[in-house]
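Have a look at the structure below, then the notes.
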Amino acid sequence: MAANVPPPGAPRPNSNNFVPPPNYNPSAQRPPDYLAENLQNLNLNRPPSMPNSAPRPSPYGQPPPFPSSAPPPGVPVASPPFPRPGPPPGVLARPSMPLSGPSQATLPPGGAPLRPTGPPVGQPSPFVSRPPPGSLPSPMSGYVTPGCGPPSSGPFQSSSLLSGQVAQRPLQPGARPMPLSSPMIATGQFVPPSSGPGGLMSNGPPNFTSGAIPGAPRFPPIGNVQQPPLGPPQTAMSAMAPPRAPTMHSHLGGSVVSAPPGPPTQPASPFSAAPSPFSAPPQGMPPPPGSPYGSPSWPLQPGQVAPPPPIPGSAQPPRMFGMPPPPPNQSMTTISPAIGQTGAPVAGSTKIDPNQIPRPLPGSSVVLHETRQGNQANPPPPATSDYIVKDTGNCSPRYMRCTINQIPCTADLLTTSGMPLALLVQPFALPHPSEEPIQVVDFGESGPVRCSRCKGYINPFMKFIDQGRRFICNFCGFTDETPRDYHCNLGPDGRRRDADERPELCRGTVEFVATKEFMVRDPMPAVYFFLIDVSMNAIQTGATAAACSAINQVIADLPEGPLTIVGIATFDSTIHFYNLKRALQQPLMLIVPDVQDVYTPLQTDVLVPLSECRQHLELLLESIPTMFQNSKTAESAFGAAIKAAFLAMKTTGGKLLVFQSVLPSTGIGALSAREAEGRANISSGEKEAHKLLQPVDKTLKTMAIEFAEYQVCVDIFITTQSYVDIASISVVPRTTGGQVYYYYPFSALSDPAKLYNDLRWNVTRPQGFEAVMRVRCSQGIQVQEYCGNFCRRVPTDVDLPGIDCDKTIMVTLKHDDKLQDGSECAFQCALLYTTVYGQRRIRVTTLSLPCTSMLTNLFRSADLDTQFTCFLKQAANEIPSSPLLRVREQVTNLCINSLLSYRKFCATVSSSGQLILPEALKLLPLYTLALIKSTGLRTDGRIDDRSFWINYVSSLSTPLAVPLVYPRMVAIHDLDSKEDNDSIIPPVIPLSSEHVNEKGIYLLENGEDCFIYIGNSVDPDILRKLFGVNSTDEVSTQIVLQQYDNSLSKKLNDVVNEIRRQRCNYLRLKLCKKGDPSGMSFFSYMVEDQSQGGPSYVEFLVHIHRQIQVKMSS
């Protein structure tokens, strides 16, 4: 079987007979509703039936009623509202053959229309008006209103807002007036600050109302849907004497949370309940849940429209509805928990309301984002917000985002800022249904125009000179001759006259048809090989039957045509191939007993065109569970099985989908239960425990590199009830561009539905095969490292046997020269890949950002979501090689260093009792704390859970990073009390146990799992309506959600379906009750509480401030 390793794209034998499907148009786009047409989804109310036993059920139960009213004026609709939950329109199933015409989704030329001028009627405004210019002594001074309330009895009591009077200031010209109905404002004169810190003040977005949404809807339906109430819960204001309102001032556009002064006393430790903010819990802790990820949905209010595009050249933090834009100068947030000179809080002198510290809250509307305006890059909206992109030169931020939207001119400036410089690249990211499709450009046999020195591709930032006869590369500066057939004269503005007609000259993302020079062999066919565990444990737990049922239903979703090839094998202690040729009356089993030196019998018969073997394949899948039902073989030859399957696929490449249920125990790559040796599966607290998160040896890694060389992408579906050493197994999918799916503990009742939906999305989502990716940068910046699921054989490129819409690659950058202030620095990602229809394409994504030598500009243009995603991925990379305590300290220091730099060099507020946060990064402490308490960094729990978390993070996209550690929690017991026109998803609740009432039922979702917590004192009538039981004792933790004949049950199903639709993921449901491990799992996500895993949010802010003070004084 030995053969020379071909480079990516090298010719393969027997693959030169490619014929595109009839009527194929390479520039055709899929119809916007083809997802809905093909979404034969699985009914959420029961597991999938066995094939051919009944018509295939709908996957998400009853479709929720999507609004049918017209979209906001000026926001184009490329498709009708999506009729069923599931992944967004235009991205799921493929048509049977490509269509014949491109989709023409267009955006309005005039930008977005006006939006309403104030908050919704009857809703208290979260802010008051600004002072007029000149009412403050200095634009850099920090004013705070004196506190009048009595000192509290403890350092961190969190009851209500600080009491006292707040004066209303004169209205700034151009500022929006305050609605008279607001209960938060008292009249009076503006008073200058006293020496002590005062109450809450802000200018621009209040510090508790803006910021990234924790995983906003990826693509909610376009229409007029009423938004849930914004701002803190009403109960937070109810018990106050005269309430102190948030006020506005022009103090750098920032906000101040302060406490009244009190008598000096002995400093108290901010972590009185724990010697360290990150103390380890006892070894006997029960295991936490698997992995956290999550997000909310915030559609438009009736009559609400998309806001105008952001101001060019300025960072635009998300704003609440009706909020005036921030001033052009630097904005920041200051928090003052009355901290003494030593950094410790002064006991008895502070009262901080947790409702007034920075938290992510929803934006109010869909944003129309133009990537460039006035020849300047437009900072992108938050990754977790809902936006529609108009590509006007820079690529959509969905495809590529930078951690800072202005590039520091020198390495020293970057180091001073304490912020990372990196790109997050997601080449196949799902577009919004209303966005224009990516244009396909065919240059014919000559291929796309490129720089002859650095090989950068033609893009809007290459400058044409000499009447268009030459062009200057924006990456290396080299001047090239323009190809004769590409020449065009220049207009008076210096641009080519045809620039707006050529997508490659006016769009940040284009796709070129690859020429023969990019192919040293014909493009590969679409090959799918299914490998199923039939060991005794897999049969008895129902995992084998679930896998066979899912595969049988997914066959109909594979790309049709002669180039779709399938194969199937099963394995326990031996490997069983199946001859599926049509000439045979029934499939023929071929057994490979040698699991040390494996081979593939009858190679040409093992992989068969789908059109020739569909009936045999369906018959075989129905038979496999009964064929092995009496098997007593407990061993699993996983390594040998994937090696044998690879040998069958070696000449073609393709996708290898493996269903694994037990620890691989025999043959190549056999593993042992090293993680616990029978000691309760909790050994992560031991010395050097992190080594259990590393592969046991290099056997599987060596195999995986060979798989990648031959373009075989491996996905593994782990359906287990025990330890399987994910740390070792996951090396294979990570190296080959694949993915790990983890179902622990596997339930034959509730998990087959998720298994089917995961498999279906895996094979139908936008994806490419045998890909190679390279990122190029302008002179002065170079790529330092790539991080993600891929294989690297040369330093400059990453090889991706498979790449899909869910995979993100982090590209860290470094300076190799000084950049010129005022110039622009460009980045270009080029991805050469093969489509599922055998077309070779080059997807080119270009982003050009301004360079700056001012530190304040860096903080103003910081991208919180992208920076936190980088911190998250860096932490995940460190966990297998460092003790957890050290990783947690590193994560905390990353947060502290950037905030220290801002405090030291950009802020001029002199009070030592204030923690000053840049407006763009004010949620960084909260997300850092959430990361410290996440599954990956907790000291308790199962090794496999942490290994899966690490693997999940490695390819995680930016919109899902924050929800991973800071999930979304909503109340579902009072869904009936909401008006019918409210949002499907109820208002989000802060992740603190004080917001969880034992009379309520709460849903917490993290992108992979849905936890439904049932309080001890829930009304039995609500339990009957939702779950069909009379008491919490009757509730089982394994749940298949039913829809009963009442409005509350219907609304709960609608909520779950909507979350699944937003997530493109069929979330597992888990019921949690107080007093058992399931309840502890739920409360482990209350990241704002103090716990054994770390301090409370307020305590953590104190810790951050204390560390900054120590560093400032040293």
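Here the Cβ of each residue, glycine as well, is placed from N, Cα and C on the backbone.
The region 'Disordered' feature in TrEMBL is assigned to 1-365.
Residues or ranges marked as compositional bias 'Pro residues' in TrEMBL: 1-11 (among others).
What TrEMBL records for 48-90 (among others) is compositional bias 'Pro residues'.
Annotation source TrEMBL lists compositional bias 'Pro residues' at 116-136 (among others).
As annotated by TrEMBL, compositional bias 'Low complexity' applies to 137-147 (among others).
Annotation comment: TrEMBL describes 154-165 (among others) as compositional bias 'Low complexity'.
Here TrEMBL flags 268-277 (among others) as compositional bias 'Low complexity'.
TrEMBL lists 278-291 (among others) with the feature compositional bias 'Pro residues'.
The compositional bias 'Low complexity' annotation in TrEMBL covers 292-304 (among others).
Look at TrEMBL and you will find 313-322 (among others) tagged as compositional bias 'Low complexity'.
Same-chain residues lying 6 or more positions outside the domain 'Zinc finger Sec23/Sec24-type' (448-486) and placing a CB less than 8 Å from one of its CB atoms are 393, 441, 494-496, 499, 504-508, 512, 776-779, 824, 826, 828, 830, 842, 844, 846, 848. Per TrEMBL, domain 'Zinc finger Sec23/Sec24-type' is recorded for 448-486.
In the predicted model, the domain 'Sec23/Sec24 trunk' (523-763) shows an average pLDDT of 90. Sequence annotations record features per position, and here TrEMBL assigns domain 'Sec23/Sec24 trunk' to 523-763.
According to DSSP, the domain 'Sec23/Sec24 beta-sandwich' (768-852) comprises 0 helix, 56 strand, 29 coil. What TrEMBL lists as domain 'Sec23/Sec24 beta-sandwich' is 768-852.
Sequence annotations record features per position, and here TrEMBL assigns domain 'Sec23/Sec24 helical' to 863-961.
The domain 'Gelsolin-like' annotation in TrEMBL covers 984-1048.
Across the range of the domain 'Zinc finger Sec23/Sec24-type' (448-486), the DSSP-based residue counts are 3 helix, 11 strand, 25 coil. Remark: secondary structure over the domain 'Gelsolin-like' (984-1048) totals 16 helix, 13 strand, 36 coil, with classes taken from DSSP. Counting residues of the domain 'Sec23/Sec24 helical' (863-961) by DSSP class, helix then strand then coil, yields 71 helix, 4 strand, 24 coil.
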